[in-house]
Amino acid sequence: MEENFKRILREKVSELNLSLDPLQEEKFYLYYMALKEWNRKINLTSLEGEEEIILKHFVDSLSCIIPIRNENIERIIDIGTGAGFPGIPIKIYDEKYKLTLLESQKKKILFLEELIKILELSDVEIVWDRAENLGKDPRYREQFDLALARGVAKPNIVLEYALPFVKTGGIFLGQATPNNLSEWENAQKVVGILGGKTEEKIEINFDNITRIFLKIRKINNTPEKYPRRPGIPEKRPLLP
């Protein structure tokens, strides 16, 4: 089972023109086993098949590396990380990053804490809070080179969660599909309100999956009133 897992992982990762060393492959296998075990107790993922998890969680997360490879990135925040996607796969791939995982559900925090021990990852901070609260905290506000938020909310909502964390000159990496790209394009006014500018769109294809990344550069400080109080961005989204 383990060797089959690693073989599939290698094949799928190679479609991104990336490669993993044996230790990285082992860590992804341990991640997979922990995910399967904990998923019996709490709802971490609806995916069950080995290849499906490899492709739609691990490889999809690693695809985020492509748009940022030439950027000077040290600190990353993964907002609404859930079971650790995409932050932990990125950290496994390159341990130089200092990673903050933000999650509002306590049961998922417990999984992440256990997972970090299993994978023996350093420079990983796990924070139990909401983005609307943490984005006001001076220890986190505008402190990150890169913010990620995978499948958290619609673009005009997730932008309000994410951009306050990004330092001037840093990046929020929006993750779109052909089906929702228009929502990102319609949210460009919100990008500007929050201090960002969409620099480029990068399309990546692997295993019949298309991902479109929007590299949003932080060019101005986010106005102090954002993010608004918990729940408000979702109830009253900033209009495109």
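Quick reminder: no glycine exception, Cβ is built from N, Cα and C everywhere.
According to Swiss-Prot, the residue from Arg10, Arg40, Arg69, Arg150 that belongs to the S-adenosyl-L-methionine site alongside Gly80, Phe85, Ala131, Glu132 is Arg150. Sequence-distant contacts (6 or more apart, same chain, Cβ under 8 Å) of Phe85 (S-adenosyl-L-methionine binding site) comprise His57, Asp60, Ser61, Asp78, Arg150.
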